[in-house]
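**Student:** Got a structure for you, written out below as structure tokens; questions coming shortly.
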Amino acid sequence: MHRDAWLPRPAFSLTGLSLFFSLVPSGRSMEVTVPTTLSVLNGSDTRLPCTFNSCYTVNHKQFSLNWTYQECSNCSEEMFLQFRMKIINLKLERFGDRVEFSGNPSKYDVSVTLKNVQLEDEGIYNCYITNPPDRHRGHGKIYLQVLLEVPPERDSTVAVIVGASVGGFLAVVILVLMVVKCVRRKKEQKLSTDDLKTEEEGKTDGEGNAEDGAK
């Protein structure tokens with residue numbers, strides 16, 4: 001077959017390229033990483049971590065960030081911090097001066113710190129990120145749980161005792177199996193030796209009888 005026979009026509013190539021570029025998105029979506037639930041002690045300071053992965057360098061002129069708060073999943077969102085060329089703290093009445101930006105957009109970190117956490121701060125915190133030319137806006141959601149006291153540590157003594165008992169039992173079983181195996185092996189070796197000895201004695205007796213008959 002001639003080489004030109006299987007080459008695509010120019011018109012077909014242009015059509016195929018047009019279709020290809022129409023299907024390929026102009027930007028790639030980012031991934032936002034946040035903890036699903038964050039439990040903190042009442043009156044303490046806590047960091048609400050929010051980081052993202054992007055294939056593009058952060059351009060502060062195009063990059064944008066919104067932090068919002070919700071009392072419940074069906075409640076309306078209240079914006080309390082944003083980034084437009086610079087950090088803008090909206091200082092909502094519920095937070096006052098207790099919110100502080102502790103991230104670095106250039107390092108793909110847009111975390112915030114909430115100081116002197118109160119019971120009323122419990123709820124949902126949303127982190128919205130836009131980093132053109134990424135087409136899709138990134139979103140992270142954190143549920144903040146405020147505790148009145150530190151939960152008691154789990155007593156691991158029982159688990160340790162059970163683990164030690166099971167481990168000891170298994171060790172004994174393994175030891176017994178090894179002893180039984182050794183005893184069986186010794187018996188088998190002894191039987192093999194006895195059989196071989198009997199066979200040799202039989203051969204010796206046979207040779208002796210043959211010599212007597214010849215005489």
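Any Cβ shown, glycine's included, is placed from N, Cα and C.
The following feature annotations were taken from Swiss-Prot:
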type     : residues : note
TOPO_DOM : 30-157   : topological domain 'Extracellular'
CARBOHYD : N42      : N-linked glycosylation site
DISULFID : C50-C127 : disulfide bond
SITE     : Y56      : site 'Binds SCN2A'
CARBOHYD : N66      : N-linked glycosylation site
DISULFID : C72-C75  : disulfide bond
CARBOHYD : N74      : N-linked glycosylation site
SITE     : R135     : site 'Binds SCN2A'
TRANSMEM : 158-179  : transmembrane segment
TOPO_DOM : 180-215  : topological domain 'Cytoplasmic'
REGION   : 187-215  : region 'Disordered'
COMPBIAS : 189-215  : compositional bias 'Basic and acidic residues'
MOD_RES  : S192     : phosphoserine
MOD_RES  : T204     : phosphothreonine
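So that I understand the layout, could you describe where these features sit and how close they are to other parts?
**Tutor:** Proximity of N42 (N-linked glycosylation site) to non-local residues of its own chain (separation of 6 or more, Cβ distance below 8 Å) is seen for V117, Q118, L119, V146, L147, L148, given in sequence order.
The C-beta environment of C50 (disulfide bond), restricted to residues of the same chain at least 6 apart in sequence and closer than 8 Å, consists of V32, T33, V34, G103, D109, V110, S111, V112, C127, I129, G140, I142.
A simple way to gauge crowding: the CB of Y56 (site 'Binds SCN2A') has 14 other CB atoms within 10 angstroms, across all the protein chains here. The secondary structure of Y56 (site 'Binds SCN2A'), as reduced to three states from DSSP, is coil rather than helix or strand.
The Cβ of N66 (N-linked glycosylation site) has M79, L81, Q82, N126, C127, Y128 as same-chain neighbours under 8 Å, each 6 or more residues away in sequence.
Cβ contacts within 10 Å of C72 (disulfide bond), excluding its own Cβ and spanning all protein chains shown: 8.
In the three-state DSSP scheme, N74 (N-linked glycosylation site) falls into the coil class. N74 (N-linked glycosylation site): 6 other CB atoms within 10 A of its CB, across all protein chains.
If you average pLDDT over the topological domain 'Cytoplasmic' (180-215) in this model, you get 60.
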**Student:** Do any residues at least six apart in sequence from C75 (disulfide bond), in the same chain, have a Cβ closer than 8 Å to its Cβ, and if so which, in order?
**Tutor:** G123
**Student:** DSSP-wise, what's the residue breakdown of the topological domain 'Extracellular' (30-157) into helix, strand and coil?
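**Tutor:** Computed counts for the topological domain 'Extracellular' (30-157) are 7 helix, 57 strand, 64 coil.
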**Student:** Please report the Cα separation of C72 (disulfide bond) and R135 (site 'Binds SCN2A') in Å, rounded to an integer.
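**Tutor:** If we compare the Cα positions of C72 (disulfide bond) and R135 (site 'Binds SCN2A'), the gap is 29 Å.
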**Student:** Give me the CA-CA distance between N74 (N-linked glycosylation site) and R135 (site 'Binds SCN2A'), in Å, as a whole number.
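**Tutor:** One finds 27 Å between the Cα atoms of these residues.
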